[in-house]
Amino acid sequence: WLIYEEPGFQGVPFILEPGEYPDLSFWDTEEAYIGSMRPLKMGGRKVEFPIDPKVVIYEKPFFEGKCMELEKEVCNFIMEGGETTGDEHLPLTSVGSMKVLRGVWVAYEKPGFTGHQYLLEEGEYKDWNAWGGYSGELQSLRPILGDFSNAHMIMYSEKNFGSKGSSIDVLGIVANLKETGYGVKTQSVNVLSGVWVAYENPDFTGEQYILDKGSYTSFEDWGGKNCKISSVQPICLDSFTSPGRRNQVHLFSEPQFQGRSQCFEETTSQIDESFSAKSCRVLGGSWVAYDGENFSGNQYVLEEGHYPSLSAMGCLPEATFKSVRFIDFEFSEPTIILFEREDFKGKKIEFSTEIVNLRSLGFNTHIRSVQVIGGIWVTYEYGNYRGRQFLLSPAEKRIYFRLRNKATGLFMSTNGNLEDLKLLRIQVMEDVGAEDQIWIYQEGCIKCRIAEDCCLTIAGSLVTSGSKLGLALEQSVDRGTQYDHNHLILNSVSKEKLTQVWEAMVL
């Protein structure tokens with residue numbers, strides 16, 4: 001509990017842990033006034049360094065005895081006769097304590113990743129009680145290398161995702177599933193993204209089960225002894241708030257991360273000729289490697305993760321890296337246009353999501369020019385993400401802005417229905433935070449975000465003072481004759497008229 005000297009949770013707080021307090025010595029005072037108090041609630045599970053896991057196992061409690069350092073899964077620590085699958089010079093007869101240096105790990109009571117499961121976050125575990133063990137027995141261990149962003153799963157009360165029972169979409173922490181109306185009976189789960197921890201009892205207590213991305217058709221699939229799940233929570237990525245997070249890629253001279261290594265934290269135009277990479281670990285950010293110096297030659301896009309061999313990176317056996325470049329963030333909405341002719345002419349195809357195989361969708365794969373409107377794209381020579389890769393970014397950065405009138409303080413907005421552009425007009429309005437008040441400038445045209453294929457133009461055939469403005473695909477919209485003081489019109493330039501002065505507010 002947190003107790004405060006003043007009402008409304010004000011003043012100096014003090015933490016009360018479970019136990020008895022016969023006097024006020026814990027508070028360092030003889031008299032105390034408790035104005036308010038509230039319980040501390042358990043926060044979500046978090047991981048700071050998910051890409052490069054490392055744990056140190058000790059034979060005895062309190063980090064004593066022989067130890068071994070692990071970076072990958074171990075199916076069985078203690079073999080028959082006291083042998084171990086680890087280092088021959090560090091045989092373990094038991095696991096007494098652990099230090100999780102990086103990543104999230106799952107420890108199992110039995111060999112082969114069976115028995116009771118224990119989630120191990122980054123930190124120290126002095127004995128089996130510290131990791132919530134049912135006993136001192138622990139015989140297998142594995143790291144979780146999933147995607148920890150945008151967690152989403154669907155839970156079903158029937159096996160094999162049966163539609164006859166109930167289901168629930170889960171996007172965050174649920175302390176008690178019974179209170180949601182779904183209940184505590186779960187017989188199948190579809191984890192669409194993220195990594196989840198499910199608990200047998202409410203408030204994240206009791207038997208726990210680790211759910212990676214994938215489909216679980218019955219409770220036996222996640223190691224459950226029954227179908228009861230009462231609370232769930234995702235494991236959240238905490239890297240962006242950590243001062244230790246860096247954009248970093250490690251190259252190794254041998255497969256399986258062996259041999260000499262080189263670490264890069266920034267773009268490098270020339271890698272030592274004597275070094276040939278055979279495996280790599282991308283610990284932070286996204287990178288593109290080139291088989292030529294100065295970012296030339298074939299490209300290989302490498303996202304965060306482990307690549308134990310050249311084939312895992314999409315490289316040919318004889319490939320070698322001569323330069324690497326960090327891929328900057330691009331926050332614009334992804335849109336790419338493919339043209340069948342050069343200079344952005346001919347038939348065009350526009351996409352805003354990934355496409356596994358153009359040919360299977362009936363499109364021509366002979367592309368002569370490409371226009372990247374937003375986002376960063378990786379194109380591949382063949383279907384199913386095979387063949388040569390090409391990293392494509394927007395050639396001209398798209399900047400969104402709002403236009404505020406100097407005289408009125410009102411914002412340029414659209415007024416009307418996009419289905420009938422002839423009746424749509426441009427006017428000024430109060431700031432309402434709507435999409436139709438956001439504009440872009442592209443190729444000499446001002447366009448509204450809600451209709452980026454239309455441009456700001458004259459609503460009529462004559463260019464003269466008093467002509468109203470609207471949106472149009474072509475400059476041939478019939479001219480209107482009526483307008484009021486809120487509509488935008490053309491007029492002769494006058495330095496004295498503040499209504500002609502606009503302030504561009506970049507978003």
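For all residues, glycine too, the Cβ spot is worked out from N, Cα and C.
Quantities reported herein were computed from a predicted structural model and do not represent experimental measurements.
Features as listed in TrEMBL:
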type   : residues : note
DOMAIN : 1-41     : domain 'Beta/gamma crystallin 'Greek key''
DOMAIN : 53-102   : domain 'Beta/gamma crystallin 'Greek key''
DOMAIN : 103-145  : domain 'Beta/gamma crystallin 'Greek key''
DOMAIN : 194-236  : domain 'Beta/gamma crystallin 'Greek key''
DOMAIN : 247-284  : domain 'Beta/gamma crystallin 'Greek key''
DOMAIN : 285-328  : domain 'Beta/gamma crystallin 'Greek key''
DOMAIN : 334-374  : domain 'Beta/gamma crystallin 'Greek key''
DOMAIN : 375-425  : domain 'Beta/gamma crystallin 'Greek key''
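If one looks beyond the domain 'Beta/gamma crystallin 'Greek key'' (247-284) by at least 6 residues along the same chain, the residues whose Cβ comes under 8 Å of a Cβ in the stretch are 49, 51-52, 239, 293-295, 302-310, 312-313, 320-326. Comparison of 1-41, 334-374, 375-425 by number of C-beta pairs under 8 angstroms to the domain 'Beta/gamma crystallin 'Greek key'' (285-328) places 375-425 first. Mean per-residue pLDDT, taken over the domain 'Beta/gamma crystallin 'Greek key'' (247-284), amounts to 91. When the domain 'Beta/gamma crystallin 'Greek key'' (1-41) is classified with DSSP, helix, strand and coil residues number 6 helix, 14 strand, 21 coil.
For the domain 'Beta/gamma crystallin 'Greek key'' (247-284), the DSSP counts in helix, strand and coil order read 3 helix, 21 strand, 14 coil. DSSP assignment over the domain 'Beta/gamma crystallin 'Greek key'' (334-374) gives 3 helix, 20 strand, 18 coil.
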